[in-house]
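Participant: Supplied in structure tokens, the structure appears directly below.
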């Protein structure tokens, strides 16, 4: 029998009250493991990584497990005489948007950097998912002072409902260069390449060196020729992936990753000199594909907490401010939660903020634990275990601990979304329907109430509304569309919990 919203509020309140006092049995401690887990985090981890195979563009390898997907976009880049085959479709459409693809790559890499050591069998799968992206990003940055940032015309693509294998809309190629800068995409791409260089440092040193060398060059370009790609490419990238937060956050984020990957003092100097100008101390607490400030603060706090880089001391305080905004009842708390306890930021693809915030909570808890310290909110102490418990509450909600008793990950649990907003998943596969399905014919599937014929295993959808409601309608892209940037930070969180509960 479903709980009432009131009972969920009470459960959430007492859960957090116990947590903040350090008494919660659900808390994942650093030295002890709870005996029982409400979820199979290991299964969810495997599926969260498998999802990326369903988003692949290009020539698929023999190891492809998501068998209903086939080759697509095999001539991408040809109109500009460049090879842009590969990479990922961002969500339920067939466009390759470089900005969110790079962010997804950074977050997949950060997941492995922090929690890859406990991933066991899934580590190679995660690396494969990262490499599918970085191979493409290397192609997109092959020319000096140029980044190819998009393949496909989003307006024309969205006017069709067709499989990626069938697409016949223009594969328009967009780029940034000296004359049409895009500092946010360049710096995010640099962050992706730099973070991935850490992932491959031991297993493939030559590839790692190639990644970091390219990251350095791309960051220099983005920093030297400053400007937003939303200006020069507005008609193509807006309203889809406009940079609303500007490019300053990406420059700080990119420099932070280059500092971590290279240990080069020039990046530390850059951060010291430019951090405040680039918004390091601002109180914007939304972390996602557009705004990277909070991620940069958490990342830089490690240098202070663990490497004792005292010049970055302020980033510990900036990170604590972010934590204070999330903890219910804490001074300066500003986060909104649904009656069922889900962090709620906005109606469109809210789950991306849930997964990215949960990852930051676990990562910051790891740094605080290593430094034997805590977060502070106006004199109130918030322990690392408290942060872990808040993150677990969010991840468990996503996996089914919610008023609807529904998992928001496709293929996980007994009940999950059946009609996701995703072209390839909603149309019959090539194996079932070899004949081409043209642009307009596919809309009969989009408008249908039937479950998607192809299960996009591991896909996490946009999620419920502010009242924990979820209609499971294919046309409702705000709630029913999956994306790479929802899944990417989730990988790290699931690895952490799978290990903490003895599943890995």
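In case you wondered, yes, glycine gets a Cβ from its N, Cα and C as well.
This is the feature table in TrEMBL:
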- 421: active site (ACT_SITE)
- 472: active site (ACT_SITE)
- 481: active site (ACT_SITE)
- 41-493: domain 'Glycoside hydrolase family 9' (DOMAIN)
- 1-26: signal peptide (SIGNAL)
Participant: How long is the line from the C-alpha of residue 421 (active site) to the C-alpha of residue 481 (active site), rounded to the nearest angstrom?
Facilitator: 5
Participant: Considering the active-site residues 472, 481, which residue's Cβ sits among the greatest number of other Cβ atoms within 10 Å?
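Facilitator: By the 10 Å Cβ neighbour count, 481 comes out on top.
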Participant: Would you mind checking how many other C-beta atoms are within 10 angstroms of the C-beta on residue 421 (active site)?
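Facilitator: Residue 421 (active site): 24 neighbouring Cβ atoms within 10 Å.
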Participant: Between residue 481 (active site) and residue 472 (active site), how many Å separate their Cα atoms?
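Facilitator: Cα to Cα, residue 481 (active site) and residue 472 (active site) are separated by 10 Å.
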Participant: Along the domain 'Glycoside hydrolase family 9' (41-493), what average pLDDT does this model show?
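Facilitator: Average per-residue pLDDT within the domain 'Glycoside hydrolase family 9' (41-493): 96.
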